[in-house]
């Protein structure tokens, strides 16, 4: 038998064929516990998804359900799955996950951003901390009077733990709620993130103070607490003065080695950093604070601007830590949470009192400052108050440390866990009820699209995911710029200036790395454009640098903007901005890229979710939409050869109109190829007349500056189109999305159609066909054709 109460616990068994029960051994038991915890937390997260709850709510609930409040009430369940001898093992593994998670949280927080957050954010954070602290004086006094046994704990440390638990705002959880509600780039979201970051740092300082005061344990001496506090301050000073310069050097070394493909040096830097997490955790535990403080401070001192070292660290460990190890911490917390300890009307009255006090302190303090200092609308200030009331993992850490230090008893611990769960749960529904999300489409913006062509500004909303999209878009927009437009400002019918709204698309997920993107976000713009671009930065975002350089030419006005949402909701942000800015055209990147590796063409997929974003924008936008299929589009010798493929219909006419804007560019050569379908009954006479008029107008206006050819749309149509794409004569082909053919041609030649691209572009965007041209697919909404 591997398990004996009086002997040491063995790690693994010899197997069932040796007559041994594997559940009596440490490692098999840990496997079962981990599997159960991860499965239950993911199941609850799935069930709560329709309620738009953050994942932390499901994880806290899963922990509570596995404890004595639910499943743990069964003695058989506890005996087989969570026996008492396995608890220290589970807590050790969970603590390792917690150690690295707090390191990730430190990596998320940029102190420079917090210091630049402004007086308003600091004022909101201060009010959100101070008022709950004041309220906690009365709560702590009442709890000590009502709950037996608490009065043996010193009032100072008890008050501090209660105050910290009531005043915390969970920065990572708040970021996910804001992303879910698409509020990240709004005034409310921006203010909430800045204030929450400041609140997070302040809460850790207060918690360190509380731990220092409670650090004496049985030796409850003020002198010991003073030594713990001074040692903690000395540790922080050492980290910022000594360790931070070292980490800046390590980050620069890893970044430069990564660029040179020196994988050994890069991995050595990363491994040493991960070892540092354990080492500094040990040091803070040694001086009597808590191991998590060492890992958190170490995360803070790792540079955020030296290459992408911090991002690579997060990408290496976050899935394992957050997906597998961290739920174990919630389980170990749930095992300590016994809701049955709260019995009777008086005890549940205390729960209501604590929850009400926590909500009142946060919401009221934030609301008053939001109205008086920030001059926010009432609804926005109220929504901000409830957002700042979000709790999460940090709350559980505070409570667990308090329980571990014997400051909180079982009943107080359970009351405060319920408070954290309830306040986080109500945040999303209350904010939805009192604050209208910014991405809601406004009905008064239904008509302006027809007027845009009469304006002097051609308004384009160009969406991009990264540097490659930026290069293709800049070359495409440059092809629309005409020197003649700048010399004919007296002509009101010509477009004098292109106004480009460059929207960076950021997918927000449950991953911690998503909040590193939020950290850089600024309202109505890229975080890396304008005043945020500083000369002392080690690196400048390539996308922002490209557009900033392009905007300095003066002929194109670039207005950066940012959309941070989950992929299912990202199309709403795009459409909303297009409506608000009265864009005539939305340009979207295709969900695939092509690049040559030797003589072989390699396809890189951005993901099926991005294709769904494009399809939803094309089906719901009120203006024209284009999809850019990029095969390395660039100006050759400062010029470009463009082929407009015309079959007929509203989309092809819009493609012809778009292509005609390129003719006046001095270095663009435009060729129009019209495929004529004889005997087709798919087009009515009105459509044919519009097509003929568009072609005649184009030839009359641009005939001397363009080439025009006609071809017959027959069984050789695929060969004709592939020949154009393979020829290398054109850097860009412009086609319509919806093209009508005779049913015979559609059935034989275009069996697989892509609703995002349409039959022609779908053929030209296929892999392995030797296509060299980039393709721009135009879709014109029927009510604007």
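Here the Cβ of each residue, glycine as well, is placed from N, Cα and C on the backbone.
According to TrEMBL, the feature transmembrane segment maps to 25-48 (among others).
The domain 'Cation/H+ exchanger transmembrane' annotation in TrEMBL covers 38-430.
According to TrEMBL, the feature transmembrane segment maps to 60-82 (among others). Sequence-distant neighbours of the transmembrane segment (60-82) (same chain, 6+ residues past either end, Cβ-Cβ under 8 Å): 23, 32-33, 36-37, 40-41, 44, 90, 327, 330-340, 396, 414, 417, 420-421, 424.
Residues or ranges marked as transmembrane segment by TrEMBL: 88-109 (among others).
What TrEMBL lists as transmembrane segment is 121-143 (among others).
The transmembrane segment annotation in TrEMBL covers 158-179 (among others).
For the transmembrane segment (191-214), same-chain residues at least 6 beyond its ends with a Cβ under 8 Å from one of its own Cβ atoms are 105, 109-111, 113-114, 117-118, 120-122, 124-125, 128-129, 154, 156-157, 160-161, 163-164, 167-171, 174-175, 178, 183-184, 225-226, 228-229, 232, 288-290, 293, 296, 366, 370, 374, 376, 384, 387-388, 390, 394, 397-398, 401-402, 405-407, 518-519, 521. Among the features that TrEMBL reports, transmembrane segment is placed at 191-214 (among others).
What TrEMBL records for 226-251 (among others) is transmembrane segment.
Remote same-chain residues near the transmembrane segment (263-281) are listed as 99-100, 103, 239, 243, 247, 250-251, 253-254, 257, 291-292, 294-295, 297-299, 302, 309, 312-313, 316-317 (criterion: CB distance under 8 Å, separation of at least six residues from the stretch ends). Summarising the annotation, TrEMBL assigns transmembrane segment to 263-281 (among others).
What TrEMBL lists as transmembrane segment is 287-305 (among others).
Annotation source TrEMBL lists transmembrane segment at 347-374 (among others).
Sequence annotations record features per position, and here TrEMBL assigns transmembrane segment to 381-401 (among others).
Marked as transmembrane segment by TrEMBL: 413-434 (among others). Counting same-chain residues at least six beyond the ends of the transmembrane segment (413-434), those with a Cβ under 8 angstroms from any Cβ of the stretch are 51-54, 56-57, 60-61, 64, 69, 162, 165-166, 170, 173, 177, 180-181, 183, 333, 336-339, 341-342, 347, 350-351, 354-355, 358-359, 379, 382-383, 386-387, 389-392, 395-396, 399, 402-403.
Taken from TrEMBL, the feature domain 'Cation/H(+) antiporter central' covers 499-633.
Residues annotated as domain 'Cation/H(+) antiporter C-terminal' in TrEMBL: 641-781.
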Other parts of the chain folded back onto the transmembrane segment (226-251), taken as Cβ under 8 Å at six or more residues beyond its ends: 208-209, 211-213, 215, 269, 272-273, 276, 280, 283-284, 287-289, 293-294, 297-298, 300-303, 306-307, 309-310
Result, the transmembrane segment (287-305) in contact with the transmembrane segment (88-109) (3+ CB pairs under 8 Å): yes
Distal contacts, the transmembrane segment (121-143) - CB-CB under 8 A, six or more residues away: 150, 155, 158-159, 162-163, 166-167, 169, 191, 194-196, 198-199, 202-203, 206, 350, 353-354, 357-358, 360-362, 364-366, 368-370, 373-374, 384-385, 388, 412
Composition by DSSP (helix, strand, coil) of residues within the domain 'Cation/H(+) antiporter C-terminal' (641-781): 52 helix, 32 strand, 57 coil
